[in-house]
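Student: I'd like to ask you about the structure that follows.
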Amino acid sequence: MDTMTSKLRALALAEPIFVVGMGASGHVALDLLREAGYDAIGLDERLDERRIEKRNFDDPQAFAGAGTLVVSPGVDRRRAAFTHSYAQQINDIELFARLNDKPVLAVTGSNGKSTVVTLLAQALNHAGHKAKLCGNIGRPVLDALFDGEAADCYVIELSSYQLELCPSLYPRVAAVLNVTPDHLDRYDDFAAYAAAKANLVRQSSICILNGDDEACVAMAEDGQNIIYYGTSATLPNRVEGGKIWLHGHALLETARLRLGGAHNHANILCTLLMLEAYGVAPQQVLSALETFAGLPHRMQLVSEENGVRWYDDSKATNIGAAAAALAGIDGAVVLIAGGVGKNQDFSLLARELQQANLRGVLLIGVDNRDMAAAFTAAGIAFEDCGTMDKAVARARALAQAGDSVLLAPATASFDQYSGYDARGDAFAYEVTSTCR
């Protein structure tokens, strides 16, 4: 048994251990717990195979007899099996926190998390640090911890779900980028969603907060080491006048950055502040930040034909992300939106559209009644195209030279696609097929 596996065994978790939800993080946790000698089984509502038992999480007795529940982020803990269980509830982030002895840089927020953690990891490695990128971005934290490769630090993207059950996680540097209504199908209200995000502020040594975001500012408490950034001229760390300002001094011009959009320039500023708080001077990483081109399906320029630019922002799965994408576009825009609404209030998106230079609004998705009703009430003209191929064909007919066509759905994708990436790929396929 290697050192890390021995440390896992030494945690003496109450048995039997039920790993609840068998996605990527659940499978990794189950394998490692069994390797450490624990009596552990996997539970899922859809899978029924060797080592995994199929259970109904609405059954109050589904977890009867469990000593510890290791809960995957995709599982809603408001369900009866959880509320009737006396077992300790933790997640893989908590197991990581109890085992890890290296510094952690952690990022949460409704939008922009993946961009910032990717920037952080690349910049740290550019500056000579061995940083491992993991968490909500795709690689389970326990996989990163147990892979046998040395690390100086871990850069972790954290969702609100992951922040519910990891009280032992104490990042050296953390950031909350923004908090806009999202995942309200999993929370009783916006306050509960924001409270989950706020756990990161309380548990970090230094926290970078978006000073433009009221929900972020409200998370700060007396005695905490908080650094603010934003766009207000009153902030020493800001994006203003085509420049990124650090501590009141102009550091670089945004025109030098490959990554476009005001929200992305704010993400770069946040990254710089996190790096500086960790001990990396801005001058060490400027070239890495300047050349960063962004991530797929995040304001990705798919094509430019006949003066029309086609942008894939399929990762805009909530209203805040879609609004940020719209704000980052110059000229008229044809917006393609729609999908699984997650109980969002689409009147908020309608207000953003009232301020936008719209050439047209095209809806996709199986059921867009809530979005359509909000747009109708606000006087926003739209067409319900239903499918991506029809939406792209209609966008091509509407768009004029100098316009942009923007896929920013403001919704989840699971009514028609396996994920936001598949939705973005479908958009790109239709665009490039049509443009030939």
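Glycine is no exception: its Cβ is also placed from the backbone N, Cα and C atoms.
Heads up, TrEMBL stuff is auto-annotated, nobody curated it.
Quick paste of what TrEMBL says about this protein:
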| type | residues | note |
| --- | --- | --- |
| BINDING | Gly109, Ser110, Asn111, Gly112, Lys113, Ser114, Thr115 | ATP binding site |
| DOMAIN | 107-274 | domain 'Mur ligase central' |
| DOMAIN | 297-410 | domain 'Mur ligase C-terminal' |
Student: Just name the most isolated of the binding-site residues Ser110, Asn111, Ser114, Thr115, going by other Cβ atoms within 10 Å of its Cβ.
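Tutor: Among the binding-site residues Ser110, Asn111, Ser114, Thr115, the sparsest Cβ neighbourhood within 10 Å belongs to Ser114.
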Student: Check Ser110 (ATP binding site) against DSSP and tell me helix, strand or coil, would you?
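Tutor: The residue in question, Ser110 (ATP binding site), is coil (DSSP, three-state).
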Student: Given a separation of at least six residues and a C-beta threshold under 8 Å, show me what packs close to Lys113 (ATP binding site) in the same chain.
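Tutor: For Lys113 (ATP binding site), the qualifying residues are Val107, Asn136, Ile137, Glu157, Leu158, Ser159, Leu177.
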Student: Can you check how the pLDDT averages out over the domain 'Mur ligase C-terminal' (297-410)?
Tutor: 95
Student: Measuring CB to CB from Gly112 (ATP binding site), give everything in the same chain under 8 Å that is also at least six residues away in sequence.
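Tutor: For Gly112 (ATP binding site), the qualifying residues are Leu177, Asn178, His263, Asn264, Ala266, Asn267.
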